[in-house]
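Asker: My questions all concern the structure below.
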Amino acid sequence: TDSLSSSLTEPVSLKTSSSTSSLHSGYTLSGSMMSLFSSGDFGLVEVRGRIQFSLVYETQKEELLVKVYRCEDIASARKNRSDPYVKTYLLPDKSSHSKKKTSVKKKTLNPIYDQTLRYKVRIGELRSRTLNLSVWHAEPLARNVFLGEVEVALAQWDWTCNQPLWQDLQPRVRESRYEGVTRMQIHTLAVTQISGGLPLTGEVHIWLREAQGLLSNKGGAIDSFVRSYILPDASRQSGQKTRVVKRSISPTYNHTMVYDGFHTSDLREACAELTVWQREGLKTHTLGGIRLSCGTGQSYGEAVSWMDSTEEEIAVWTSMIENPNHWIDTSLPIRTNLAHRSE
């Protein structure tokens, strides 16, 4: 790939809403846009107050330390009192393995915890994780009551900052579903060449660099690989795949798929389908994928289900067609709603 790219012009950067930020570009905190598996009454208490915490990553131990110091001026859950505790998730893992809790502090709106919650996580996976801290009133004989939360995008956290930080608690959005932060980085290339006076043909190169945020249904790292086709050719000869990357939430594939013999007109009728697969022993199943095409719903005059590209995917494919001999650098979300196609 290096020798190939060195002979080409500079990359064309296609900016989309899903671009990945650097670990050291500062930090961003926001209110939640999801509902996790926790029980609780939502909307019964008006969220107020703030939480103080700090984050430290210990490189040698590969541990994220979440130190929860205190909360201040939180809402009253029952008759001018609350019995609050803090719960954390390292998203997109929503399993019990990811859930951590502080102790419960009785009858106070200004609880002091001074507790450290620990997560074993590799530094390379931090950028695909989001830390969720939520405050709850503990109700032994009824449902716990939600008092507010904060989210920390670890991809944008300033790791030189280890001082305690205050952040206002935010309300939770009812019934919204967390979609994860999975992203796929690809490069596409169209190379045109003339041979013996034949019509103009070329190659499509797809440089699959990595995926982010791949988790099993139970939470935790998985064994994964990516398979590609240039449709409408779904034959075995068209299929290519990466190596299997074991036990990784953010696997690096660094694999280039090459397809040749294309006329420029063919590209507007074709679709590059890349699907991510999980391997469990001898079994495999798909987690989702992307489809790069013009998204017309038709191929060579026939209606096809696989021409269902999103606006972002269409933009990547169109940019590749319009910029031959250039790399198109982009990040795209892996979709779980790919329309079914017959094999």
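Even glycines carry a Cβ here, placed using N, Cα and C.
OK, TrEMBL features for this one:
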COMPBIAS  1-10  compositional bias 'Polar residues'
COMPBIAS  13-23  compositional bias 'Low complexity'
DOMAIN    47-167  domain 'C2'
DOMAIN    185-307  domain 'C2'
REGION    1-23  region 'Disordered'
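Tell me about the setting of these features in this model.
Answerer: For the domain 'C2' (47-167), the DSSP-based tally of helix, strand and coil residues reads 9 helix, 60 strand, 52 coil.
For the domain 'C2' (185-307), the model's pLDDT averages out at 83.
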Asker: Write out how many residues of the domain 'C2' (185-307) are helix, how many strand and how many coil, based on DSSP.
Answerer: 4 helix, 72 strand, 47 coil
